[in-house]
Each structure stands twice: as C-alpha cells, then as structure tokens.
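Look at Swiss-Prot and you will find VAL11, ASP32, LYS37, GLY76, ALA77, SER98, VAL115, SER116, ASN117, SER140 tagged as NAD(+) binding site. The substrate binding site feature in Swiss-Prot is assigned to GLN79, ARG85, ASN117, PRO118, VAL119, ASP120, ASP145, THR146, ALA147, ARG148, THR223. For ARG150, HIS165, the entry in Swiss-Prot reads beta-D-fructose 1,6-bisphosphate binding site, with the evidence type sequence analysis. According to Swiss-Prot, the active site, proton acceptor annotation covers HIS172, on the basis of sequence analysis. The phosphotyrosine annotation in Swiss-Prot covers TYR214 and rests on sequence analysis.
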Amino acid sequence: MKGSIIGAGQVGMACAYAMLIQNTLDELVIHDIDRAKLEGEVMDLVHGIPFVEPTRIWAGELADCAGSDVVIVTAGAKQRPGETRLDLVHRNVEIFKSLIPALMEHCPSAIFLVVSNPVDVMTYVSLKLAGLPAGQVLGSGTVLDTARFRYLLAQRLGVDPRSLHAYIIGEHGDSEVAVWSKVNIAGTPIGQLSPEWDPAHLGDIFEQVRNAAYEIIRRKGATSYAIGLGVAQIVQALVRDQRRVLTVSSLTQGEYDLPEVCLSLPRVVGRQGVERTLAMSLTESERQQLHRSAHILRQVIDSIRW
C-alpha cells in the first residue's frame, strides 16, 4: 500500500514516524514546499529503517503522490499560542484552494485524510474542492480528543484505557461534546465503576481534554506525538480494511437533524473510507450540545470566501 503525506512539519513527521514503526505502509512519499527541510527530515527518518520492517520512504513532488491509496494532508499555517483552531481557517483555506485541486490531478482515487486545523472545516473545504464522494474525504476529527478522554478517565479509574469505552464527538475544538451517558467498562456505566467515584470529577476531566492542546502549545509550541499515533491508527483502518469504529470527521448525512458540516461521530472506517456512521442514543443535553457544535462550524463555513 502506498501513502503520501503533504506537509513535513512536526505533525506530518510524527505521522510518518508512527506509521514507519508500525509497518503501516509499503511506500510513503512526503512532500513539503521547503525542500531542504523535507530532505533533512526524510534522511533522518530513513536512517532508522534498519531497526524496523522495511518501508520505502522518499521526498517527492505532488506528482509523485500518484497511485497513493491514502493522502494525509497536514500542511497549513501553524496554530499560534492562544489562537483557537477556528481562527486558523481563513489562512488555511487559501492554501487548500491550490493544494487540493493539484492533488486531485495526480491521485483522484485516493482516500483523503485531513489533519490540518481547524480539521472539521478543512475536511469540509477539501471535500467541496475535490468533488469526491463524502466517504472518500475524512478528517482526524476527535480521534485524539477521544484518546485523551479515555486516558484521563482510565487514570482515575485504574484501568487500561483500551478497555474503556468513551467518546468525544462534534467539533475538534472548543465546542466538542463528551458523551458521558455512554462511558462504560464491559458494559458497566461509569457511575457504577467505583464506589469512590466523585461526579465532581467529570467536569474537571473534560476541561483537561478540551484545553489539552492549548496547554501543550503553551509549553512546547505544538502537539505532535499523540496525533501522529492517532493518524497511524486511522491509516491502518483504511489500508487494512479493519472496519474500525473511530471518531473521525466526515460529512453529516442527516444524523440528529444536524446541518451540513463535517464533524466527528463514531464511524466505521475501512478500505472505502467512511463506510457508515453509528448513531448513538444521546441524552437531550448531549444532543443540544452537539447541535451547538454543528452550528458553530456551519457559521465558520458560511464565512469562507470561496
């Protein structure tokens, strides 16, 4: 399987590293407008190939992406300290107006995985610019937020986070929604998991999830490692046809009477991209929060100068 990464910044290279050590692809092309930096990053990466299963990795132009099964887009303006993901939108839309049509010339049959922020808006923009079926364009969405949620809950409950079922849906950003009503371990609801469990912890955990990116950016300038691992998981689901349930961002199709936007819901991800959406039964409060998140995204989309 062949993949391409567009953008050799911290996120793009974290994705490349994660996929290399997990033997996700047979071939990986990485492209960036800064050729010297790109070549340095690729040199550093390929020198580690003797330690893992062989993968062909090389620095290429957009034309070299031809034949890719999946194209991972991480290119775009960097989020500044204190800047929301939605503040980025107008700068990144201008980049995508030329990037997506150029990619479509070379790999129209690829699955497009958007990671650039604000990821929900940029996924929608990519879908409209590419003119592809909805399932063929998806975003990393709240895969990372869901992982953060599970990690923090698992820390409090003393369990392996992989054994905990919990989801963050909606926008990958300030209006994201924690689906508390569905948090469980082996079918046991969160309220029954521990006699010491304090409901006051709930808001504290969610605030940590929602503010995690801001805290990391304030301390080190960018997030990279965890999103790299999350993207590798999505790509594995795509190229290995795992039909894995992941909270990726994709076009709404009438779920919960939401407006037309791209946002995250639990979705089955396989070789064809997003194969279907799993509509959870939400509480009235969760449904209202999800609608608020969708309308915030719709307002941003409506402000775009196409």
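Cβ coordinates are placed from backbone N, Cα and C, and glycine is handled just like the others.
Predicted, not measured: the structure shown is a model, and the values here were computed from it.
Put simply, VAL11 (NAD(+) binding site) is 7 Å from THR223 (substrate binding site) when counted between their Cα atoms. Ranking the recorded positions GLN79, ASP145, ALA147, HIS172, TYR214 by the distance of their Cα atoms from the Cα of VAL115 (NAD(+) binding site) places HIS172 first. Proximity to VAL119 (substrate binding site), judged by a C-alpha distance within 10 Å, picks out none of the binding-site residues VAL11, LYS37, ALA77. In this entry, NAD(+) is bound by VAL11, ASP32, LYS37, GLY76, ALA77, SER98, VAL115, SER116, ASN117, SER140, whose most widely separated C-alpha atoms sit 25 angstrom apart. A straight line from the CA of ALA77 (NAD(+) binding site) to the CA of ALA147 (substrate binding site) spans 24 Å. Local packing around the Cβ, expressed as the count of other Cβ atoms within 10 angstroms, is greatest for ALA147 among the binding-site residues ALA77, ALA147. Annotation: no binding-site residues among GLN79, ASP145, ALA147, HIS165 have CA atoms within 10 angstroms of the CA of VAL11 (NAD(+) binding site).
Using a 10 angstroms CA-CA radius around ASP145 (substrate binding site), the recorded positions that qualify from LYS37, ASN117, HIS165, HIS172, TYR214 are HIS172. VAL115 (NAD(+) binding site): 29 other CB atoms within 10 A of its CB, across all protein chains.
Once Cβ contacts within 10 Å are tallied over all protein chains shown, the binding-site residues GLN79, ASN117, THR223 are led by ASN117.
Take the Cα of the residue listed as 'active site, proton acceptor' and measure to each of the binding-site residues LYS37, ALA147, ARG150: the nearest one is ALA147. The Cβ of the residue listed as 'phosphotyrosine' lies under 8 Å from the Cβ of GLY82, each of which sits 6+ residues away along the same chain.
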